[in-house]
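I have placed the structure first, in the form of structure tokens, so that the comments after it can refer back to it.
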Amino acid sequence: MSKADIVVGIQWGDEGKGKIVDKLCENYDYVCRSAGGHNAGHTIWVDGIRYALHLMPSGVLNKQCINVIGNGVVVNPDVLISEMAQFENLEGRLFISDRAHLNLNHHALIDQARERLKGDKAIGTTGKGIGPSYEDKISRNGHRVGELLEPEKLCENLMKDFELKKTYFDVLGIAMPSYDEILKDLKRFKEVLAPYITDTTRMLWKALDEDKKVLLEGAQGSMLDIDHGTYPYVTSSTTISAGALSGLGLNPKEIGKVIGIVKAYTTRVGNGAFPSEDLGEDGEKIGLIGKEIGVSTGRKRRCGWFDAVAVRYTARLNGLDTLSLMKLDVLDGFESVKICKAYEYKGQEIDYVPCDLENAKPIYEVMEGWDKVAGIRDYDLLPENAKKYIKRLEELSGVKVGYISTSPEREDTIIL
């Protein structure tokens, strides 16, 4: 029996998981999404063409891969159908768990209305309705993908739900959709998605029993984890490696190696603590060179320096075996680069992540910059200062770097 490997983001998301999964999946038979929804965005560049994925696993660009959307994902049928239209011959290559929960239009309307009402205390959600979808799931009022196979019955149940929520909808200023509108959409969803809906847990058990190679693709980042992230400025799912197990129906004995994806600097979308954020020229420069615009939201990402304290924390949470260092080329040309090696917290220097991270200030180590790493595919050809930077990140995080990305292109990846 084979074991599944996991790729997980270990900052605040947007680390470059899509590129590394796309690179790795040529060695895997299955690539699987386990959590989140279309709030997560993966960008992949192949031969100069940009692909933006939100629900589809990143293995879809490799035709030998079978792609699985697991039970832990919340699926918006409209978004998924739109993404599927970019690709040909998906039957037999894409499967959706019948146990995955649905994300529908009213979830997004609730999300957006609540954010407006919170004003300056808004979480900064993507407005895609992911939180409300998970709320319905946890309160046992949700609906699952498998229910799309009986659209009339699902429509009746949704109308009953809406009637119960009528007062809440009125407060938020949301108009209740009509039965006919909903049924029309549900029938369309069934027509397109029915061939792809199945029990993906049993499928993966069988694959592992047959020694197939399986890669689990995390969404978002560990610092956004519902339990271990910067609460309440977090997502609504478990984004650490443990979540990949429940999100696909696997057990701990079925896991092989865990690869942590990390940028050579740090970014964050939305509100919440970010100790190493740089609000000056360097932060602006990083964002400009790195094209730090959210794939799902179109919002500018906040930018700052590598936070080794946070990475060491998430490395332990995830049980990392190796790091994949992304976007090293973005730091090309900086005279010096900084690493947050510790925090100043309530008058003391600490080397851990407190639950009130907003009260921590960065303590930096400054290193000399380098000229250019962009496009380099051989570690020995990297500038010495870039090598010193990588080595220092390994020392501070406690994890060896196994992959280095030097451009958005698939092939510009150093494998150590």
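Each residue's number is its place along the chain shown, starting with 1.
Glycine is no exception: its Cβ is also placed from the backbone N, Cα and C atoms.
The active site, proton acceptor annotation in Swiss-Prot covers D14 and rests on sequence analysis. What Swiss-Prot records for H42 is active site, proton donor, and it gives sequence analysis as the kind of evidence. Positions annotated as GTP binding site by Swiss-Prot: 13-19, 41-43, R301, 327-329, 405-407. Taken from Swiss-Prot, the feature Mg(2+) binding site applies to D14, G41, supported by sequence analysis. Per Swiss-Prot, IMP binding site is recorded for D14, E15, G16, K17, N39, A40, G41, H42, T126, R140, Q220, T235, R299. Among the features that Swiss-Prot reports, substrate binding site is placed at V295, S296, T297, G298, R299, K300, R301.
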Practice prompt. Report the nearest neighbour of N39 (IMP binding site) in space among the binding-site residues G16, K19, L328, comparing Cα positions.
Written response: G16
Worksheet entry | Coarse DSSP state, helix versus strand versus coil, of L328 (GTP binding site) | helix
Item to complete: Please classify the secondary structure at K300 (substrate binding site) using three-state DSSP.
Response: strand
Worksheet entry | Span of D14, E15, G16, K17, N39, A40, G41, H42, T126, R140, Q220, T235, R299 around IMP - largest C-alpha separation, Å | 34
Worksheet entry | Rounded Cα separation (Å) that holds between Q220 (IMP binding site) and L328 (GTP binding site) | 20
Worksheet item: Does anything in the same chain, at least 6 positions from K19 (GTP binding site), have a Cβ under 8 Å from its Cβ, and if so what?
Response: T43, I44, W45, M326, S405, P408, R410, T413
Worksheet item: What count of other C-beta atoms do you get within 10 angstroms of the C-beta of G41 (Mg(2+) binding site), across all chains shown?
Response: 21
Worksheet item: In angstrom units, rounded to an integer, how far apart are the Cα atoms of L328 (GTP binding site) and R301 (substrate binding site)?
Response: 17
Worksheet item: Fewest other CB within 10 angstroms, which one of the binding-site residues G13, G298?
Response: G298
Discussion item. Please identify, among the recorded positions G16, H42, R301, T406, the one with the smallest Cα-Cα distance to T126 (IMP binding site).
Written reply: R301
Practice prompt. Filter the binding-site residues G41, G298, R299, K300 down to those whose C-alpha lies within 10 angstroms of the C-alpha of G13 (GTP binding site); answer none if the list is empty.
Written response: G41
